[in-house]
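Here TrEMBL flags 14-149, 154-298 as domain 'MARVEL'. For 20-38, 45-66, 86-110, 122-142, 154-179, 191-220, 226-249, 273-292, the entry in TrEMBL reads transmembrane segment.
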Amino acid sequence: MMESTGGPYLNTAAVTSPVGIARLLQMTFGCTTFSLVAHRGGFSAAYGTFCMFVWTFCFAITVFIITCEFTHLHSCLSISWGNFTAAFAMLATLMSVTAAVIYPLYFVQLGCYPIGCEVRDFRIAASVFAGLLFVAYAAEVFLTRAKPGQVTSYMATVSGLLKIVQAFVACIIFGALVNDSQHSRYVATQWCVAVYSFCFVVTVVVVAFSVTGKTALLWFPFERSVVVYTFGAVLLYVSAAVIWPVFCFDSKYGSPQRPGLCAKGRCPWDSQLVIAIFTYVNLLLYVVDLAYSQRIRFVSHL
């Protein structure tokens, strides 16, 4: 006679609940998107490679999450599963919306020449499914976000989700920095790079400790430290938001207007403008994060 284990072997809610259905749609849309591109749509250059990476990476992690929840294998992992899934859903939302914008922007055209009508149709179809993939990931973020008064994983709170967005925006800033932004011309702009780097590293560390569930092992209060860091990040980004535009767009140090002879895609002024815009975006994100971090509870074991 077989001994009862006290529960079912398979978790059917992992595929029948609203969140489970959203993940099944993510898997379906992701597989369809990169299959259409790989079969006939095609891709090239860094932009196309990035899009394919996003779709295959998100598909693989989604399959991993569904498998672990359906088989209860996530209980054997030494991570905070709730924090991991919430962080990935937010990251996948940001990555998928970026790919959903980049791919049609660079690869979709209305006419058939010179790629042919069949290739054009495949690219249009891939773009549609890329948009649906973004909607599916955004739906998961909406369904799993922390509700008012609910005790939940830190990464599911507004503050936790903002940490992912802050790190993603910082990556955009780094991409513009390496694209001939001339950031090494002045010590002041080098300070801004140091600000972006420091805040990015600490934000990633906060996310890593939350996902691994190791916050309770720290010798200092994690929640208080995160709030103090967020306040410090606001001050640092305020300094960068003032310094970077002055040393890039003031006529004494830089150029108020885009130089007429600047090549498209290889113009330092364009990179400087992108950095300035996303510096203000991240400053706003850190301010909102600081406001919300006053009203949450940190739970490391969910």
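From the backbone N, Cα and C atoms, a Cβ is placed for every residue, glycine too.
Secondary structure counts, DSSP: the domain 'MARVEL' (154-298) has 109 helix, 0 strand, 36 coil. Non-local neighbours of the transmembrane segment (122-142) in the same chain are 19, 22-23, 25-26, 29-30, 32-33, 36-37, 39-42, 51, 55, 58, 86, 89-90, 92-93, 96-97, 99-100, 103-104, 107-108, 115, 161; each lies 6+ residues outside the stretch with a CB under 8 Å from one of its CB atoms. Same-chain neighbours of the transmembrane segment (273-292): 157-159, 162-163, 165-166, 169-170, 172-173, 176-177, 181, 183, 192, 196, 199, 227, 230-231, 233-234, 237-238, 240-241, 244-245, 248-249, 258, counting only residues six or more beyond its ends whose CB sits under 8 Å from a CB of the stretch. Residue counts for the domain 'MARVEL' (14-149) under DSSP (helix as H, G, I; strand as E, B; rest coil) come to 113 helix, 0 strand, 23 coil.
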